[in-house]
């Protein structure tokens, strides 16, 4: 019998395809050819059927789809930990915004995003949905890192060093998207920043563009009570109702945070088939409140997970968000069986891909999909014994147990080591930026002149 | 000039003595002699003053007191992840209790505690407050690991494989304490399990013993609403009031969880100078509720941090609890500046030591105290740049960044590697226990016969 040749054959102790959410394939292999998954099958069958150019035995590992970080501002890694533990407005107005106005350039965004990519790959993330200034620099960094990214065509109604007015933002975003149209790793989102930074007119234009080029609309929504009060004052309605009237509340909407929701709004979001991004660490850290995630899920809403930027988290660590989301949903709903481990893992994989319109490409281990995968070693001290790989991945494991990461079948992390990026160089550049920012900010220990 | 000789001199980028909480000593050294800290001073002064037998340069690290895990059931590592995501009573009655009744022996407790010690040392924990059956086996494991431990003299009013009745528990506990009286690493607590498992009569006896031998009283308290309802039904008062009437509410009380508290109870606890153990992950996972920690701290209560057992967390990871506690306090109180990083670090160090009556021995870096210390590398990818070491330790770092751990000046972790424990052997024994438990439980994948 002639064996089919494949590029890579991985024997995993547990294979978690995430479709359906709770499936566990024990002692199964995944075969990869041309960057795509071609089969999942028991170790011995794989042995008989395939001739592999390369083989990998991961006999204490779980293999699952790469994690999707559905909301971040990647370049903000360079501002991580700058003036924490402050009231929200003091933090933004006295520290974050001045630093951004002064330092955010294409070089800053490139260096910060490359640092973010390195951190995310080490933490098992293969795809991120980004929203920041100079998205061309973020796109360049993502490609250099070999990651999949959805690049936000960001728009705010005020000028920044990146663009002068809404049309300028839009023109720049569309040009970038045209440049990378046929790139297999990059996709795009319209990214109106938030209801309080974008006018009705701009939202209208962005909706038209989004429909024309068929991309999702990535927007912060119902993050704080203040945002809702302000909308009632200025527009006479809550932000979700405002977006509904403007025509944005539909299946292309990727609504980030969604902390404060009435039962009617939960229904509205569910009926519109909109996606929600839950960012539990950020919501806690900024004291925004508790999103009713279990309720959203029970209403059938597609909910993914995001880290938010490193200035309000401060880890770009989807494992941390998995755990925090699962734990928090139990306490918020009052039910210890709310949001079980396999469901929250599906949020961070398939649901993320679905929100970005990438569910045919990534987010689960199915033959035909891109080989975007992560291996986690469940044989370590902190994870022995293992009764249930889903439970361990969410409640006990952390990014420190991620051993291998592939995007399109290319190995980006090998036994915990980045294969494509120069860690020392990335750290050196980050440290230089840190010194400049701290000196200007004056509040940080590095800026105290020692 | 003759230089004083010391055993060890560590140059740290940041030295965080935790007394006072927010002090940062940049580019300072700590000198250790005879297992005790003898000085903290700038690098260059240390160079001039001391002749060190051994030197260590940690120029990208923060050095702080070893973390105190103020509440755990260490041996339960062997049941970690057994049947998660279930309603509390189903989880306890169908899975945890049957497994405990069948498997918990001195051998189980020794193996499970040694596994827990290995995990805790790797995560920067130098001292833990334990409550479990067969405490003699836990004591033996802690000593083998070289850790500091407060061993609970556990009592419940029903028989278990460990003891037949309250007097039997007490006799065994007291004998153990007598055996280790002069041991410098072990201390003891009276450990009446909880108000719903211990009668008034037994509480009374334990109070007498605790006063005689001057040890703290370690008890679960106000964990769930059900516990409070049950107390009202059976005793006509809430558990705190019951303990107050029995004379237990005082400075020796170490009350674990304290989730459901009226403002009057917060005052009562504060006036009594009792200590509280906050276990945020466990409270979330079991859907117990949200402890008013910021309020307790503002009332001057001594609050420490605990992981609880690995069956309800599922990490014995105080770094995780630091982060969860700090984030959660902000959302629960509605203030982004509640429970700042340096305060939560003090909870996990000095406050823990204080609750155990060990504040003269450990919990901060002061000359004369035992050299119980942990070094965390803040120069890694995920932590560059570093604006504020306190913030990074709580919000961005994790146990994966712990590089060195000392107890009484003895190095237990060196560049992330355990120096005294055989990791492979510990994993092998854990795996064997896991196989037996899973077969008996039948619900876990390992038990499905694959």
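Placement of Cβ uses the backbone N, Cα and C atoms for every residue, glycine included.
Same-site candidate for Zn(2+) binding, as annotated by TrEMBL with A:71, A:73, A:308, chosen from A:220, A:401, A:404: A:220. Other C-beta atoms found within 10 angstroms of the C-beta of residue A:100 (substrate binding site) number 21, with every protein chain shown included. Of the binding-site residues A:71, A:220, A:71 has the largest number of other Cβ atoms within 10 Å of its own Cβ. According to its DSSP assignment, residue A:71 (Zn(2+) binding site) is in a strand.
Non-local contacts of residue A:193 (substrate binding site) by the CB criterion (under 8 A, 6+ apart in sequence, same chain) comprise A:131, A:154, A:155, A:156, A:219, A:220. Neighbouring residues of the recorded Zn(2+) site, listed in sequence order and excluding A:71, A:73, A:220, A:308, comprise A:72, A:131, A:256, A:257, A:277, A:279, A:282, A:306, A:309, A:312 (Cβ within 8 Å of the Cβ centroid). For the pair residue A:71 (Zn(2+) binding site) and residue A:223 (substrate binding site), the Cα-Cα distance reads 13 Å.
Whole-number maximum of the Cα to Cα distances across the substrate-binding residues A:100, A:193, A:223, A:308: 21 angstrom. Taking the Cα atom of each, residue A:223 (substrate binding site) and residue A:308 (Zn(2+) binding site) are about 12 angstrom apart.
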